[in-house]
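As written in Swiss-Prot, here are the features:
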BINDING   10, 11, 12, 13, 14, 15, 16, 17  ATP binding site
């Protein structure tokens, strides 16, 4: 039996962490099979070690392609250790970021090119794609303003040093992904109050996978 792989994407400040913190317990109350929440970069011991290297603010000399390769390496290990075993058991895996993040941040933001980053990650994942991706959409400046307003509540990382232009390129790359993958990616208006965003995510998942729910 093959499980169900769902990913969450969005620009910085979209509120994925807050949404998932509320959404996951709601899903767990209604689904028929075990549900696993994980994240990228990270999600497994080796992957978390790579995450620390990627996000360390001291690593300002990191080359864009080095960064992209590290994300892909972290993803591969996470896939082998966590995602694939859970899916093989028929479970649900919900992942905070996956390949789309690399395409947007390194392909778009770092200007490596979406196609090059996608090919790199297709090798890392052996072509595994989510069955559904929920994209939490907020205007770039709104997301950055949210980050600033919560700067005392979150750990500062290397991506926080990036310019507005970088984040605009990331957003543009995400918009292209949505257009190119209309069956897989569903855009959710994340400027709405948290309860409405969570409700929209819950409804999208239940409509797409009614067989998973009691």
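Here the Cβ of each residue, glycine as well, is placed from N, Cα and C on the backbone.
Note that the coordinates shown come from a computational prediction; the quantities given were computed from them, not determined experimentally.
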Find, among the binding-site residues listed as 10, 13, the one whose Cβ has the highest number of other Cβ atoms within 10 Å in the structure shown.
10
Measure the Cβ-based neighbour count of residue 17 (ATP binding site), defined as the other Cβ atoms within 10 Å of its Cβ.
11
